[in-house]
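Below: the structure, in structure tokens.
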Amino acid sequence: MMSLRLFSILLATVVSGAWGWGYYGCNEELVGPLYARSLGASSYYGLFTTARFARLHGISGWSPRIGDPNPWLQIDLMKKHRIRAVATQGAFNSWDWVTRYMLLYGDRVDSWTPFYQKGHNATFFGNVNDSAVVRHDLHYHFTARYIRIVPLAWNPRGKIGLRLGIYGCPYTSSILYFDGDDAISYRFQRGASQSLWDVFAFSFKTEEKDGLLLHTEGSQGDYVTLELQGAHLLLHMSLGSSPIQPRPGHTTVSLGGVLNDLSWHYVRVDRYGRDANFTLDGYAHHFVLNGDFERLNLENEIFIGGLVGAARKNLAYRHNFRGCIENVIYNRINIAEMAVMRHSRITFEGNVAFRCLDPVPHPINFGGPHNFVQVPGFPRRGRLAVSFRFRTWDLTGLLLFSHLGDGLGHVELMLSEGQVNVSIAQTGRKKLQFAAGYRLNDGFWHEVNFVAQENHAVISIDDVEGAEVRVSYPLLIRTGTSYFFGGCPKPASRWGCHSNQTAFHGCMELLKVDGQLVNLTLVEFRKLGYFAEVLFDTCGITDRCSPNMCEHDGRCYQSWDDFICYCELTGYKGVTCHEPLYKESCEAYRLSGKYSGNYTIDPDGSGPLKPFVVYCDIRENRAWTVVRHDRLWTTRVTGSSMDRPFLGAIQYWNASWEEVSALANASQHCEQWIEFSCYNSRLLNTAGGYPYSFWIGRNEEQHFYWGGSQPGIQRCACGLDQSCVDPALHCNCDADQPQWRTDKGLLTFVDHLPVTQVVVGDTNRSNSEAQFFLRPLRCYGDRNSWNTISFHTGAALRFPPIRANHSLDVSFYFRTSAPSGVFLENMGGPFCRWRRPYVRVELNTSRDVVFAFDIGNGDENLTVHSDDFEFNDDEWHLVRAEINVKQARLRVDHRPWVLRPMPLQTYIWLVYDQPLYVGSAELKRRPFVGCLRAMRLNGVTLNLEGRANASEGTFPNCTGHCTHPRFPCFHGGRCVERYSYYTCDCDLTAFDGPYCNHDIGGFFETGTWMRYNLQSALRSAAREFSHMLSRPVPGYEPGYVPGYDTPGYVPGYHGPGYRLPEYPRPGRPVPGYRGPVYNVTGEEVSFSFSTNSAPAVLLYVSSFVRDYMAVLIKEDGTLQLRYQLGTSPYVYQLTTRPVTDGQPHSVNITRVYRNLFIQVDYFPLTEQKFSLLVDSQLDSPKALYLGRVMETGVIDPEIQRYNTPGFSGCLSGVRFNNVAPLKTHFRTPRPMTAELAEAMRVQGELSESNCGAMPRLVSEVPPELDPWYLPPDFPYYHDDGWIAILLGFLVAFLLLGLVGMLVLFYLQNHRYKGSYHTNEPKATHDSHPGGKAPLPPSGPAQAPAPTPAPTQLPTPAPAPAPAPASGPGPRDQNLPQILEESRSE
């Protein structure tokens, strides 16, 4: 529905845009067709650099003369146009181009308005060479006849050079001028109007701070009002009100500031239903109207500029507007054009003119660091009189300085702390100082009149009666020759202006010196006085706090070129009040070492929700966050029905529903106790299924389950355990009895909490009453901090694009061993053809984390470099990056912040149109391999785990530990990944400990026994009946242990890394308890024992039929297994040697159908097979007995024979399929549940013991995890000093001997070898093709060297023998003969 409304608003904008507002297709180049006389400039450099050559793509370009202090290029479009873009080039084939410039526009050549980009920046970026065209599409279209370009910076290797292009289209203007006593009204053609969508649009300019611009109303409370209040534009709108509607319809929205600047401002209001857009000068504010109506019902008139006739009594306190209004559009009707044409439906009040008659005061804009204007005065007069008007945001600045004549001193007027301070210094006398005014830096015009003459001085501000300040003091006044406004030139010794005050930044006008008005036109053209760093005929003041860039209701204070945010009492800090001051939860306070008490928390961090106060119940292992409300006491309800129910709203202390919902959403667990008591009042039992009473939770969702029940079912707690008063109903209150009944319990589903309302609807009968009671919301844990994902194969996650407006903060943890990768990236639409906005955080190298972005000023990046370690060390590292209009910063772990201040007037609009990539750059470039967790953008946690997809290479959690664990989980323990470590889940085993290797056992005194019920008789009969109707497929019966039929499966063995399958189970189960066991086709039994007595029954499993299983000790001390599956028992002798030696023994028995696997102690595994006549199923198991069989009914005589006097010894690690009775008995918290207490019974003394069994692989348990580890305590004597010295000498002697043997071997091998001369030619490799042996030489052969005697040492493989030398060739005959003596060995 919301998207439909927004679409309709856009549609209405498009439809109405053609009626005087949008001008779609308005993209004509306007400079090219102009005559040369329409192009002017302040000066020109040469004949071919005049303004006429400043057209885009021209053969030259405009360049001012060298030394022009205020150069500008001016375009006269001959009539008013709508301007949408500006483009620049440098001068053709030169080094001359402009790098920064200011754009001024206006309807007259003596009144200019600076065009401000987003962020109130009046500076445009220009060119970087002489040929490329740089185009700026303006964020809103303005109308003007004259365009002026003021260069601010240019190529330092050249000079100013400019070619210009302006894009737009002709504009038809219909202007109405109001003098404060005028107004017009437009009457609808068909009387009253009723509309679902509306468009109001117009332009205005004024010098007044207050005035009514537009008003219309209806008889049912509908109205639309646009007015100026304090130079702010206010929109009041209502779609009507009614006594039966609870919500009022009035809505007020404010935009802009200092709108009384005699500049055109463009206003537009679009509405569709209750959704509306309010636009001022290109800044659009979307809001939703209050109330419940969607149509605007108006009477027959719209008033412009004020009220006419009887309508004045409705808005008697409003001032009429004084100024110009242009092109008033209402739903495609141009009311201003109809007024100019004197249409019959237009009513005039007063003399409304059809052209602007606003005054032109010729202001001066002071915006430079050393700006000033110097004008001459009339010297040696006895009366000094100065007056002027100024407006500014700055607290300080020099307004006026003048030297008195005859060396008598000087006079200073300065702005200090928002008031005008006067200082008169005279030679030989004490300085006179006094002040006047208050908060004069409010951005409005203020008039100053100062007069000083002999013995007294007077200053008045704004001609307020009684506000002038008169001072009597012995003064001698002689006026000087010069007056400096706005600052002092440098150097001061040359100009004679000596002041320590900073330059004034703001605007001045109507300068008067000694009673004469200064002609500023002469000053501008250097015919009077002097100036520097100022602009004439314009005032560049703007409201930098509108819109307010300070977040979370921070207060904005501005100066001429910047603003400051004050964040006191907001709960936030930082340059824009974006960073949260408080922690997210009580768990964070616990981890920081706090104690129980009241604390302020901020669950959404830097998000829009406000912080609030809660009570933190901080304990050793967790911290409960407690949020109280106004329903902590019982609420009585009578007289309610389903048609008119009682709505019990829950108002939480210090917090709204959204803020409490954010707390619950970020918590690991939440609970809230709800109790409903009734007297002759029903709760859920209705004929139509819709309940009488229910509760409302998060997001205003209705829930029909009550405390102690589960979501999705319409029941109370008693309906789950079938303990309701009426077994046929699901709640106690549904019995509808004339006595008090109660349904109560905990609500624990986090996504439904908190409870926001309780609705009661069945108390309107006689003697009917209901009461409900709700306890505080209690939460613990943080499920956002460990929202983790791992990237394995260069995958990426795609999220919706970032829409952060003016500030963005990103925080996350990463862990990797890869040297580089992109954590996240979001790209936007192109600024131009070759640039796109983006934001990216990446691991650039193993030692560098980079935050890179482009917000329109080019590529920027911040880098955190690590010298002491690498970031890819497979440890968790915290990254925090933030960007706003004031600065960008980056931090890794606890290293210092890396800061990058933003240029002044920077505008940031972090709204992107492409998906947000997490784990890589766009299109999966530069992927990250590793783990990410707790990724938050502006306080919102990204659900990384929810986007995990194993097929794409992303997995929930930071996996990898359980693949190759350092210490495996034994006895079927389940390995659980814990991001930076792992744990072993021992719930499905009979063991505990860190790796499921600690035995849990009990010592049985004589006569002690234990019974564990596997299922009740009623359940067994029902199960057996269903089993007979539909026999399940083998291997899929309940109780079947997965994995038995898997190839390579070894029954009874759970080696390192064994992992049982995960079973869905709500909450944490009772240790060792897994509910009833039905007909099974296999058993897995394991236990350990030690005893000195025989005979005894160690373990016995009975059934509701004659089937059983037993492990017993015979009289001779041997171990025997007995099975009865069907008719006859099966007996197997487990051991041939006695086991009654008091030592621990282990037994592992596994049966799969008719295959039996047995292992006792460390003997080899044996396999037995049952006869085909034996049944393969243990039917209807009933109970498990340990120590002794106390079963009723028929028992095998052999079992009775060994059953007396009972087992005496120790049993541990007992497990029958998925039941561990001893672990359940010793590890279940007391008191037990009724179901568990009924299932288990112990007779006699049973005390916990591990039966002397050592934990498995004790040596592999790391010492830091073993609580029983003690360091070695053996005495150590340092008596091995001489032994170490002797050993050192012995090793050195052996090494020397080995080296000597190698030297002797070398000498012996080379004894007869040396260098000698021969006349034999060298062999040529290409003279014997095919590898044939060469012929013997014709001359005498050289005697071969004697072969050395063989040694015992192994020799390396011999090198290939060289070919015999041939006779001297022609190349070797002329070589010089080198004779060498043989070296002596």
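Cβ coordinates come from backbone N, Cα and C, glycine included.
The model shown is predicted, which means the values in this text are computed figures rather than measured ones.
Per Swiss-Prot, the features are:
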type: DOMAIN; residues: 26-169; note: domain 'F5/8 type C'
type: DOMAIN; residues: 204-356; note: domain 'Laminin G-like 1'
type: DOMAIN; residues: 390-539; note: domain 'Laminin G-like 2'
type: DOMAIN; residues: 545-577; note: domain 'EGF-like 1'
type: DOMAIN; residues: 577-796; note: domain 'Fibrinogen C-terminal'
type: DOMAIN; residues: 814-958; note: domain 'Laminin G-like 3'
type: DOMAIN; residues: 962-996; note: domain 'EGF-like 2'
type: DOMAIN; residues: 1089-1251; note: domain 'Laminin G-like 4'
type: COMPBIAS; residues: 1319-1329; note: compositional bias 'Basic and acidic residues'
type: MOTIF; residues: 1334-1370; note: motif 'SH3-binding'
type: MOD_RES; residues: SER1384; note: phosphoserine
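Of the two recorded stretches, the domain 'EGF-like 2' (962-996) lies close to the domain 'Laminin G-like 4' (1089-1251), with three or more CB pairs under 8 Å once pairs fewer than 6 apart in sequence are set aside. Residue counts for the domain 'EGF-like 1' (545-577) under DSSP, helix first, then strand, then coil, are 0 helix, 10 strand, 23 coil. Secondary structure of the domain 'Laminin G-like 3' (814-958) per DSSP, as helix, strand and coil residue counts: 9 helix, 66 strand, 70 coil.
Per-residue pLDDT, averaged over the domain 'F5/8 type C' (26-169), rounds to 92. Under 8 Å from some Cβ of the domain 'EGF-like 1' (545-577) lie the Cβ atoms of residues 232, 255-257, 283, 285, 367, 392-395, 505-506, 600, 602, 606, 608, 610-611, 806-807, 884-887, 904-905, all in the same chain and six or more residues away from its ends. Secondary structure of the domain 'Laminin G-like 2' (390-539), assigned with DSSP and counted as helix (H, G, I), strand (E, B) and coil, comes to 12 helix, 70 strand, 68 coil.
Summarised by DSSP class, the composition of the domain 'EGF-like 2' (962-996) is 0 helix, 10 strand, 25 coil.
Residue counts of the domain 'F5/8 type C' (26-169) by helix, strand and coil are 6 helix, 73 strand, 65 coil (DSSP-based).
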